[in-house]
């Protein structure tokens, strides 16, 4: 190349849109070996890594050691790694973001919004620091950086490259094969077709049995409840419609309750005892508050006496 420029320098200045297989391999290695953190960026869940950690890892990567034919390694210094990662940035493998500390006011406002909306997702990310006993967690959020270059430092770089996992391909291939197999059902051997037919009949019969059982248990409960004027409650398979496992849905077989006057009296006594306990707690809370107020006034009087040098101070009415 003219003017002493190498091919790699030209690629950095004017990168081709299509990444090479080597660049894809390096990006996959970085994503699999460099620590990535998850956060929200512009209301999207993203993963990001720190630049200095990526450079440190690449110094010990297979591309930093000589090849089998004693070829020169791809990465020899930190500067060469930074230059290569800047090329990956220009080819849209990741982009640069800046960390913005979240103030306490923003945290309180977000917590209030989450309580109203019921959201559990956090738009800020807690960086790795110790608990309150040692160090407090520092909340940060990410924003787009105006200078899209790779810098060897503590800047965050958000991944754009998201390769499809291999098991997605396996699952997709399995779905395609299953659809083709169903389309070729007329060509199946008679024994297999007969077995699938019996299996489908058995599955449909089982579903109808479950549906009928659910209707029967409701009818039996309503009939017994009407006859006993609401005193007797009988449920067959009480866990049938509960959110439990398959076998737990059929156990216990039945559940019976007799809600007579004694049951109502016990319930009322329990409610009254709970109310009394609440009142006692409120009274104790009021007494504690009064004691706190008395202690505060005593502390104030002590501080005033210390400042004036007297136990008390006489104040005239005019003052």
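Even glycines carry a Cβ here, placed using N, Cα and C.
Taking TrEMBL as the reference, the stretch among 105-134, 135-164, 165-194, 195-224 described by the feature region 'Disordered' is residues 105-134.
Residues 185, 188, 233-237, 240-241 of the same chain, all 6+ positions outside the transmembrane segment (195-227), place their C-beta atoms under 8 angstroms from a C-beta of that stretch.
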